[in-house]
Amino acid sequence: MEDQGKAYWSATLGLLGKILAVWFVFSFGTGILFVEAMNSISLGGYPLGFWFAHQGSIYIFIALIFYYGKAMGDLDRKFDVHEE
Amino acid sequence: MDLQTMTYLVVGASFALYIGIAIWARAGSTSEFYAAGGSVHPITNGMATAADWMSAASFISMAGLIANMGYGGGLFLMGWTGGYVLLAMLLAPYLRKFGKFTVPQFIGDRFYSQGASTVAVICLLTASITYIIGQMTGVGVAFSRFLGVSSDTGIYMGMAIVFAYAVFGGMKGITYTQVAQYIVLILAYTVPAVFISLQLTGNAIPQLGLGSDISGTDMALLTKLDQVVTDLGFGQYTTTTAGSKLNMFVYTMSLMIGTAGLPHVIMRFFTVAKVSDARSSAGWALIFIALLYTTAPAVGAMAKLNLHGTVNTAVGLETAADGTMKVNPEIVKARADVYATEASLVYEQRPEWMKRWEKTGLLKFEDKNGDGRIQYYNDKTKNADAQAKMDAAGWKGNELTVNADIIVLANPEIALLPNWVIALVAAGGLAAALSTAAGLLMAISAAVSHDLVKGVFVPDISEKNELLAGKIAMAVAIVISGYLGLNPPGFAAGTVALAFGIAAGSLFPAIMMGIFSKKMNKEGAMAGMLAGLFVVLFYVFAHKGIFFIKGTDFVDMIGGPNSFFGITPEAFGAIGALVNFGVAFIVDKMTKEPPPHIQAMVEAVRIPRGAKAVDGAH
């Protein structure tokens, strides 16, 4: 049970790390740090970097939270710690 | 029906709705009062969280800020939404599992120290009260502009309404009124945006319209906007940032961490039934928030183009026979000469909405070159080419000043939308301010009655008396915030930075370490919170004066404004958080680890199984 708990927690941290990496790349990365390079690409009438800063990052945030909710639910069941 | 009657009708109907809901959702127990009985559906909670979160600033000011800042305004969009990812993954589910009413109670229990809880209460009260002043002044402004009553009367009315549904309904009443308020405010925001997007691009969805070509041309709206504003001496819309790239980075991070650490938002996640609901509820909250936040950049950019098009015919917009704005594709394509004498609008021929807003003083015209026409441009431009053309055209300085708050409020008038839309915008602005004020009052009331009265002074208080203390605390908080709204301290604007700075620099790191660092002890956490709080206060006070008192700023002593790598005081919360984490870990290493039962508690918080209804037991 002790080991099971440790394994669950390290799986959780692994998932959080991956999601935070995507979170960082598509807001701070494409929206701020590399915005000039991204702006050389167009998305319809949007320069891509501008789109990430004003639109795209928000859509990605939403997707990340729902993905997190689903992936955590799977982890909960896999390690048998889910709510009854 | 005339506009005034229509506004009374729509705003009055929305208020009747809120009060009706409050009567239906009266709270009978402390659990209902603080956490709505822990039985709110995740989607309902998401919608209430969205209304709670989106304040008068989001509704009224943000699009105008973005219109002025261009690309750099994205820091508000990313900062105020990205925090929900942190909240959903790092805080909300674990705090829900912990199962207590308030943020200070978590900090006090986890760090087995009343001192830690008291520091958290102080941080919470400072952040919430500074935040609420802005809401109250927002209510006053909205009332006075739309209902024709004085700003003071507006604040009294706002106080009475909030009192009615927050004091009697508690969290349960607030939750369901916030749902109604969300619906009102999102309709009020998106309906005008759809009309304007249709007028300019033919696309009914503003988020797509902003990336579309202008009607009848193959020129992208943003390309045209870039052209117009650079011709007029402003920075290019799609690339301009206010400060350095580092500052934008740190500012965005501060808003994200601050968002996740604001107690009135965190508290909303105590109202759902399960840990898994807390996770999904954050996602729903962000969907409802995103509806407004992804519309705002379209509103900002299109209103900016509309405004320039109104006063300069060379932009390529013209007034149709029915008074609405209409694109003239030939002029748009030709990049007509904005400096031509006849391009500038003759002042006497200005549209009705400009006359109306001139009366409020938020729009001002001053004919500097005496030609009877309006020249609206950047007279401090660094663009030598544009400067030469302005000089050649005989322009003697910018003649039109436009308050950024007009952008959203005047939007339906600029586009000549029907009266019910204008009335709806008034109701929406009020809904945004009132819903946020109610959420903040709830956080204040819970901190005072639950964490101070019950936690510190009268531990054996009965549930009935605690409920009474909560209601009294809320009534007192309404009076104080109303007073501060009526007599706004000159520093109202500067304090919002402080609210986010405190939430980011002290509360967020403490809660996060409480969950993710099992060995973090009370010495470390308290030293961290105090250090984070101190550096934020130090930097903000250095720029804006000690407790915002004029003349007590000491910015020269720290080497001039923004001396810390060019970071502005508004953006300093993330630095405070870094200091907090650093100090906490160093102190933690030098002191003894937390007792075994606390470590066991952290392990229990980390797994969802066994989540029970929230309660207030200390």
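Think of each number as a place in line: the chain as shown, counted from 1.
From the backbone N, Cα and C atoms, a Cβ is placed for every residue, glycine too.
Marked as transmembrane segment by TrEMBL: B:6-25, B:73-95, B:115-133, B:153-170, B:182-200, B:248-270, B:282-303, B:420-448, B:468-486, B:492-512, B:524-542, B:562-587.
Tertiary proximity for the transmembrane segment (B:562-587) is limited to same-chain residues at least six positions away from its ends with a CB under 8 Å from its CB atoms, namely 243-244, 246-247, 250-251, 253-255, 257-258, 497, 500-506, 508-510, 513, 520, 523-525, 527-529, 531-533, 535-536, 539-540, 542-544, 555.
Counting Cβ pairs closer than 8 Å to the transmembrane segment (B:6-25), the top stretch among B:153-170, B:182-200, B:282-303, B:420-448, B:468-486 is B:420-448. Most Cβ pairs under 8 Å with the transmembrane segment (B:115-133) belong to B:524-542, among the candidate stretches B:73-95, B:182-200, B:282-303, B:524-542. Taking every listed stretch (B:153-170, B:182-200, B:248-270, B:468-486, B:524-542) in turn, the largest tally of C-beta pairs under 8 A with the transmembrane segment (B:282-303) is reached by B:182-200. Sequence-distant contacts of the transmembrane segment (B:524-542), counting only residues of its own chain at least 6 positions beyond either end whose CB sits under 8 Å from a CB of the stretch, comprise 107, 110-111, 113, 115-116, 119-120, 123, 494, 497-498, 501-502, 504-507, 509-510, 513-514, 548, 552-555, 557-558, 564, 569, 572-573, 575-577, 579-588, 591. Same-chain residues lying 6 or more positions outside the transmembrane segment (B:153-170) and placing a CB less than 8 Å from one of its CB atoms are 15, 18-19, 21-23, 25-27, 32-34, 36, 136-137, 139-144, 147, 176-177, 430, 433-434, 437-438, 441-442, 470-471, 474-475, 478-479, 481-482, 485-486.
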